[in-house]
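Colleague: Per TrEMBL, coiled coil is recorded for 760-808. TrEMBL lists 480-757 with the feature domain 'G-protein coupled receptors family 3 profile'. For 12-28, 471-497, 509-529, 549-569, 590-611, 649-670, 690-709, 715-735, the entry in TrEMBL reads transmembrane segment.
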Amino acid sequence: MKTFQWDMTCDGILTFWIYFFLILSVLLNEFRLIKAGRPNELHIGGIFPIAGKGGWQGGQACMPAARLALDDVNKETNLLPGFRLILHSNDSECEPGLGASVMYNLLYNKPQKLMLLAGCSTVCTTVAEAAKMWNLIVLCYGASSPALSDRSRFPTLFRTHPSATVHNPTRIKLMKKFGWSRIAILQQAEEVFISTVEDLEERCMEASIEIVTRQSFLSDPTDAVRNLRRQDARIIVGLFYVVAARRVLCEMFKQQLYGRAHVWFFIGWYEDNWYEVNLGNEGITCTVEQMRMAAEGHLTTEALMWNQNNQTTISGMTAEEFRLRLNHALIEEGYDINHDRYPEGYQEAPLAYDAVWSVALAFNKTMERLKRRNKSLKEFTYNDKDIADEIYAAMNSTQFLGVSGVVAFSSQGDRIALTQIEQMINGRYEKLGYYDTQLDNLTWLNMEQWIGGKVPQDRTIVRRVLRTVSLPLFVCMCTISCCGILVALALIIFNIWHKHRRVIQSSHPVCNTIMLFGVIICLISVILLGIDGRFVSSDEYPKICQARAWLLSTGFTLAYGAMFSKVWRVHRFTTKAKTDPKKKVEPWKLYTMVTGLLSVDLIILTAWQIIDPLQRILETFPLEDPISTTDDIKIRPELEHCESSQNSVWLGLVYGYKGLILVFGLFLAYETRSIKVKQINDSRYVGMSIYNVVVLCLITAPVGMVIASQQDASFVFVALAVIFCCFLSMLLIFVPKVIEIIRHPKDKAESKYNPDSGISKEDEERYQKLVTENEELERLIAQKEEKIRLLRQRVAERESQMKASEANGSGINAVGPSSGHTVATATTTMSYNTPAAITTAITQDTHDHHT
């Protein structure tokens, strides 16, 4: 019994040591396998952006989705038989430098990695550009940069996330659908968005869509958004990460770049509540309600990241079943999914899930091909380009139905996918349609809603409104002018009918008729001054301009020239009256002067019209708001002007010539203000007319140029000045004649009323002699007054001497031979002291002079 127990004890000890060494061997082998990787494990690296403060932090939802995919792949018995897929990951924070560091740690720390998963375009750019040096395939689940489509730069890159350029054909399609041909672009200064904008610009150029401005920013979009407002941007494509999108949205609210007049295109892969979260943490100064107001109505375009059909995918789940599983996983991660608090990257989670399936399918296909060559994936090293090419070929041919839809890659490694269009309506994203880029097929659901009930315009509609003279004002001035024309015609008839009357003959009826014709032409020009774009087309308007210049200039010359010639002849006549008292006014000289002035006008006007004719020039004014309209309309007032290329030169020439005539006429009128001669019996009235014409012209010309931009004021001021001059001239020159003829229908009575008209030749000669004698008598009277002054001075002296003598008593008692003379002298002196005596002395002296 003891022997048996001993044997058993010996056997147990032996067995114990056998098992101990076996276990130790297994542990050592396991440790070695852990360090080098198990023979039945395939290892891939994962780079997820999770905890960063800028860019896209989609790893928050994509990493849990990738873990779900790993579980499902490893449970699939027909996939990677005998192997497990293992993911080693770390956080890149969407920083390319940190992403590169994570990649190096994954590559240089065992086990050997067969492929890399990456997210965030900037990180994928860095990783994919470097990974080719290790013959590694990079599969990006969250990178949309168009730059990644460059096969020469990224030869080993694939991505389940479609390129950002897939949005551009959709945007162009929507712009054509809604009739938008003018857009603006606001972008964040990141390579993904820069490349997207470059592609969008090319497509816009091909579609004849104008890009009014392209604004970019690094982190603060304030100035860029303000510039959009200055450029009157209405349809705006925004390309930025979600953190920057919240800042942009707040600035949109501050700058009032939202509502019925504006449409924003945002990227569709933001979370549904992206504009409501993290406002305080990111320093957003807008409230949630303000952010909602600014976000209302914006459009998003995104590649379809969730399978839209209720189909069973390669994983055995529908997209909705995957959503439920993902939500449960995110809740376990601590996210408040039940209150719509989705982590960033939730929309891209199916892409990460399908990315892991793409890796598994590619490895599975590669293993089959390598098996025929007696090779294994476990033999892959970073220098093994042969196995790397096999993995590349397998990935390039991968195609399956995933939770994100059909997964397939183009020759550039890009995901082929449909684009979904959504709109923010009442705080929720509503699907509007889908666009298939390859087939150019837009499926539209007609669910869009626009604030204001109509499609916003791509620009402020500027309606050009021609400022015209007020119609009542024009009619009023035309009526007055027509009345003036009728009066002038009546006076012409009156002038011709009574031309035999001396009151008309002495006024030179031909000159008066010329003046009246000039008045009629000036009044007609008043009507032309009010004719504008309301009555004539733009092609006919230059003719109106020429007619105005010709009529107003020639009318003024005829009317004013006739009066000027009269007053000039009066001045000439009075200056030569003394030397040639029988000088007469010769009518042909008056007509010659008017003809000369008119000839100068014709020369200037003809040269002006031939060399530099007047044209229709539009003066534009600042935009104005319409009086009452709900449309996005601004009014651009325009005013027609008649101008030529060298307008100031021609106006200076005309004004200078007319100004000299006006000033000279004013001088002559002043010189002859009190002169009246029978040859021109209305010279004083003509002078008064010239006064008024000169004053009004000197006021009207400069003031009219100052108020030229105010069509009503300018028209009324110039029209009234012309009308007043015309009526006043007719009133002063013709009313006295009309009154004279009405009161005295016969010439005898007329001569009594107007003495100048009834003076005969003998009376005229007698009148001239009397004028000469009168001048001589005035000279003699002046001499006599001087003598009277001297005599009074002598009398005063004598009186003072006599008073002095009386005071001394010497003059009274003096007796002698000379006393009688003294008394006589005193008597004489006293006698001259009376006014009668002085008058007698003057008369006597005058008589002596004539004798």
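Backbone N, Cα and C define each Cβ position, glycine as well.
Remember, TrEMBL labels are computer predictions, not curated facts.
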Colleague: Who are the chain neighbours of the transmembrane segment (690-709) in space, where the CB to CB distance is under 8 Å and they lie at least 6 residues beyond its ends?
Modeller: 560, 563-564, 567, 619, 621, 639, 641, 655, 658, 662-663, 665-666, 668-669, 717-718, 721, 724-725, 728-729
Colleague: Quick one: find which recorded stretch in 471-497, 549-569, 590-611, 649-670 has the most Cβ pairs under 8 Å with the transmembrane segment (715-735).
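Modeller: Checked against 471-497, 549-569, 590-611, 649-670; highest Cβ contact count belongs to 471-497.
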Colleague: Please give the sequence-distant neighbours of the transmembrane segment (509-529): residues at least 6 beyond its ends with Cβ less than 8 Å from one of its Cβ atoms.
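Modeller: That would be 477-478, 481-482, 484-485, 488-489, 491-492, 495-496, 499, 544, 547-548, 551-552, 554-563, 565-566, 587, 590-591, 594, 715, 718-719, 722-723, 725-726, 729-730, 733-734.
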Colleague: Which sequence-distant residues neighbour the transmembrane segment (649-670)? Criterion: at least 6 residues beyond either end, Cβ under 8 Å.
Modeller: 553, 556, 560-561, 563-564, 567-568, 570-571, 597, 600, 604, 608, 612, 686-688, 690-691, 693-694, 697-698, 701
Colleague: Could you tell me the mean pLDDT over the coiled coil (760-808), as a whole number?
Modeller: 81
